[in-house]
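Okay, structure first, notes after.
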Amino acid sequence: MMRLTVVSVASILKRRWLFQKCFFCTTTAGFAESELPNTGHDLAAMSSFLQDKDLLCRSPGSSTGLLVLDLIDKGTLQPDVTLYSKLIRRCTQLGKVKEGKLVHLHFLNSGFRNNVTLCNSILNMYAKGGCIYEARNMFDKMSSRDMVTWSIMITAYSQSNSAEEALFLFPEMLRLGLEPNQFTFASLVKAAAARPVDTDGKQIHSSCFKLGYCGDVYVGSALVDMYARCGSMDEAILVFRDLSIKNEVSWNSLIAGYGRKSQGELGLKMFRDMQREDYKPTYFTYSSVFTACASTGSLEQGKWVHAHMIKSGGQLLAFVGNSLLDMYGKSGSIEDAQRVFNRLLSRDIVSWNSLITAFSQHGLGKEATTQFENLLRSGIRPNKISFLSVLTACSHCGLLDEGDRYFKLMKELDVVPDVSHYVTMVDLFGRAGLLDQAERFIKEMPIQPTAAIWGALLGACRMHKNMELGAYAAERVFELDPQDSGPHIILANIYAAAGRWKDVAKVRKLMKERGVKKEPACSWVEIENAVHMFVANDDAHPHREEVLQMWMKISEKIKEYGYVPDTSHVLLPEEDDQQREAKLQYHSEKLALAFALLNTAPGSTIRIKKNIRVCGDCHTAIKLVSKLVDREIIVRDKNRFHHFKRGECSCGDYW
């Protein structure tokens, strides 16, 4: 068959454009025929006239689906490696997997089907298009593979959250004698970061070291991120310090790692070090710093970082805005959390969940349910976290009917409850004093009760002084989680409140035999960007005497307001009432409050954090102190925030 001239091809293209409304070749069709070179040269050169925007023009009703492929089949265009490469690259750039499959099918019937470079391009197209099944099918059918092939497949698995598959390919590749490059290692380390422990990561790190890739900025940054995600911060720091060239990713990884481990102070220090070394923070940096601040409730430092982001021209994009919202909520400023939510450029389900959770943690049940109703009206579908947040709010505030309705709504919306939802429902019934209903709910659950579920019932029994049911619930917890100190302490408290000191002694003996240790209570307060920590009976603090004198002075004054120490919170029966009362005065939150009163301006808000639930005696005392000094005192304990003001608490004593 005689090959066509450039003039005849231009005519064909012009006719097809007229009938199919597809401007296929702007360069050629734009010429007048007299201006086109009238040669008999081979028209494989025609592919050089094709513009990228015309490569994927559809050809309805044809056998191939694409105009270019039709022209190849008709002999108008001579296929070559360059043309197929252009087509595949264009499909990859635009994410046109459907068109890419058409090119792939055509390619399989060509003489280039065993070309490893083209096969790698098609494999890469599937990988970047998220078609992991098609990519693996292509990978398995390739007649020959090189290092690029394996790297693409490993990267595809790594980016599709299929860590095990990515890591499984590594030893197979090594057995074939192929040496991984920096791109392979970066993807392997990313896959290892998805594992709960760093065992796989350490093995890959060893291979990186042997082959000399640890100094590569991308591999090194991936290693820092992997160790940080696995919680191995010491190893992450070692790798970070050995990097001759650092980038924003390596800095961000460390900051985020400290945030996940609730080591906000170290995360903030890394942020300041990053600035001193002239690395510009990204949105991911700010998001990580806000997470670090949230982990320790560092409101003032979080505000400073927020101001820094604004001065740098940062906007409240979804993910960084959500982190900022969460920071304000967890640091005790619900007003700022609400303002951030209102100013978000766009809101997703995380935004709504963060706001509802913030209201829930602050004991604002009505506000939480109002926002949940707004979420339902917004058209965004609530997820498990949304329901858990609103159910927790209902539990904290005694909104029994609302909580029951929202739990039933989960079924209507096909949201399957987790254990945490059942725990919250038991807590909801238990706090309301419906202990029989809570027990019946446990028996009728479609899942086996866990230690957390029985623990929720146990906590309710302590609140309502139901010793028999409390002992029963405690036994169930001991069977399922004998090493948890919390249930042992709660049961001892129940016995102590009833004056059954022999049973208290039995519980303490049981704890000793099992090697169960009570988590030491500690409280901390942030003053002028410095964190001051206190433990119960603190005798090591440099201002110990001054703090104790301050609290004893306050204690005497609040007795005039009706404060009577509740000695039932002291589990030491052998001491007399005076000794037991003295023990109460050394609780960590009281010491932190006294220190804050000594070192903050009159009228300013005091913010205290505690690692366990605030005790009943301290709760009563702090309420009266807020009235005595006419200041708002915000205490964040393990479960929620308490806003003390004018002798009252935001929880309404329902906690």
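Glycine is no exception: its Cβ is also placed from the backbone N, Cα and C atoms.
Annotated features in TrEMBL:
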- 115-145: repeat 'PPR' (REPEAT)
- 146-180: repeat 'PPR' (REPEAT)
- 247-281: repeat 'PPR' (REPEAT)
- 348-382: repeat 'PPR' (REPEAT)
- 383-417: repeat 'PPR' (REPEAT)
- 562-655: domain 'DYW' (DOMAIN)
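Secondary structure of the repeat 'PPR' (383-417) per DSSP, as helix, strand and coil residue counts: 27 helix, 0 strand, 8 coil. When DSSP labels each residue, the domain 'DYW' (562-655) comes out as 37 helix, 16 strand, 41 coil, counted as helix, strand and coil in that order. Summarising model confidence by region, the repeat 'PPR' (383-417) averages a pLDDT of 96. Secondary structure of the repeat 'PPR' (146-180) per DSSP, as helix, strand and coil residue counts: 26 helix, 0 strand, 9 coil.
Secondary structure counts, DSSP: the repeat 'PPR' (348-382) has 27 helix, 0 strand, 8 coil.
Within the chain, the repeat 'PPR' (146-180) has long-range Cβ neighbours (under 8 A, six or more residues past its boundaries) at 116, 119-120, 123-124, 126-127, 130, 132, 135-136, 139, 187-188, 190-192, 194-195, 200, 204, 207, 211.
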